[in-house]
Number of protein chains: 2
Amino acid sequence: MIKVIIIGSGNVAQHLINAFQTTQNSGHPIELVQVYARNKETLLHLVAPNKITTNYSDLQEAHLYILAVSDDALPEVSNALPFSNRLVAHTSGSAPITVLNDRNKRAVFYPLQTFTKNKAITFKTIPICLETENSADFETVKQIASLLSDQAIAINSQQRKALHVAAVFANNFTNHLYQLANAICQEHQVPFGILEPLIQETAQKIQHITPQQAQTGPAKRKDATTIEAHLEFLTDQNQQNIYTLLTQSIQKNGKKL
Amino acid sequence: MIKVIIIGSGNVAQHLINAFQTTQNSGHPIELVQVYARNKETLLHLVAPNKITTNYSDLQEAHLYILAVSDDALPEVSNALPFSNRLVAHTSGSAPITVLNDRNKRAVFYPLQTFTKNKAITFKTIPICLETENSADFETVKQIASLLSDQAIAINSQQRKALHVAAVFANNFTNHLYQLANAICQEHQVPFGILEPLIQETAQKIQHITPQQAQTGPAKRKDATTIEAHLEFLTDQNQQNIYTLLTQSIQKNGKKL
């Protein structure tokens, strides 16, 4: 039986807790033996009270400790662990593996997904990006990640950094474009929901063809009349700036300036 | 039996031809009686040869003529039609209804979707935005659109313009962000496919919560350290400019400048 302990009570921690408990309950040889939270109440809806500790000195023995806390808190939390030479992983996309205190054997266990509170998610399809300081530990994290997901992948710190930046474009910035589209719809009394099939199809297209092949629209076909009409239609300077910059970028076709 | 004729042989025309033929073949009271193309060959894989004409003067009688041609070609093509007082619609998101020659009764039949060559699409879920010059004609276009799609919606020219601009943000610009994410992945030898579950989840999220509620990431949580690290990591000036502008826009939370 592989024993795992999760440190943290935020969004990622809760989704991981849920994934581990689901995996455990379906009979896999894994056990979430304990969870650490500064405030016990935040996890009572998810975890049995006797499995939650608010005290680092009460932490039990486990094969892997997963620190699902904010990047800023990683040094402090990894310093606070009252043991050494055990396997400790963080879940951050951007923090290097070396942010962890080197008293313990360091690792990264980064699930590449956007987690929303109160929205269940199937871990099976989420890529989990793995890295270990010592190659001897890789099999352990790989084995654990493989129980949660079909995509347990070795990703080094530099690649992970690239993935994290790319994810900001593909997720955070994309979602912001949805928000701008929503604002434009609201301003002109059109329900944003009309755009939903388009948004889903845009995302699904790139499962079959590259984004470059999928590119359409006035910028791509250098339709100056429509571009000008759109810029005139927009009443917001910020929206105009974004329209202009992204139009130029499409016309450069991703080429460097 | 409602008779429809499509003028055009491009991407939208072909998807419409396909949708009408599928609807007709499944027994609905609609008939695609004829298609006009400048070049017969472009449609021979889709339409029986005797149904394709390359000559405006051969156009038969129909309840609705759909001009699925580029915005630029709309005046010329609607001028070339050798009849008057019939119902003629264009399929453009941005052209006003008045772009059509007023010899005929004018309408708009705008399917709001991104059409890819050789990629089949289910018309049933595609919103078709409808407008007619004369209210007496609205029932005709509505009836026809309703056979293709579950969402046949009255949208006036101003609303359609807003939708078209919003669609550029939600589709063209979003796809370009995918392309930038892809470029960043390639530069650092990470397969872009790892981002796919994230991209799908980002698009699906907004079916349940607003884009504003769904926003996450360093810009949203004002994580200056990560933002700075990302900007330093990017080697491309254009990518840096887009990163900066969209980060600022997220932090303004859609507020005007």
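The backbone N, Cα and C atoms fix where each Cβ goes, glycine too.
Any TrEMBL annotation is an automated prediction that lacks curation.
Feature annotation from TrEMBL assigns domain 'Pyrroline-5-carboxylate reductase catalytic N-terminal' to A:3-81.
Residues or ranges marked as domain 'DUF2520' by TrEMBL: A:126-250.
Remark: secondary structure over the domain 'DUF2520' (A:126-250) totals 87 helix, 8 strand, 30 coil, with classes taken from DSSP.
Counting residues per DSSP class in helix, strand and coil order gives 35 helix, 18 strand, 26 coil for the domain 'Pyrroline-5-carboxylate reductase catalytic N-terminal' (A:3-81). Taken as a whole, the domain 'DUF2520' (A:126-250) shows an average pLDDT of 96 in this prediction.
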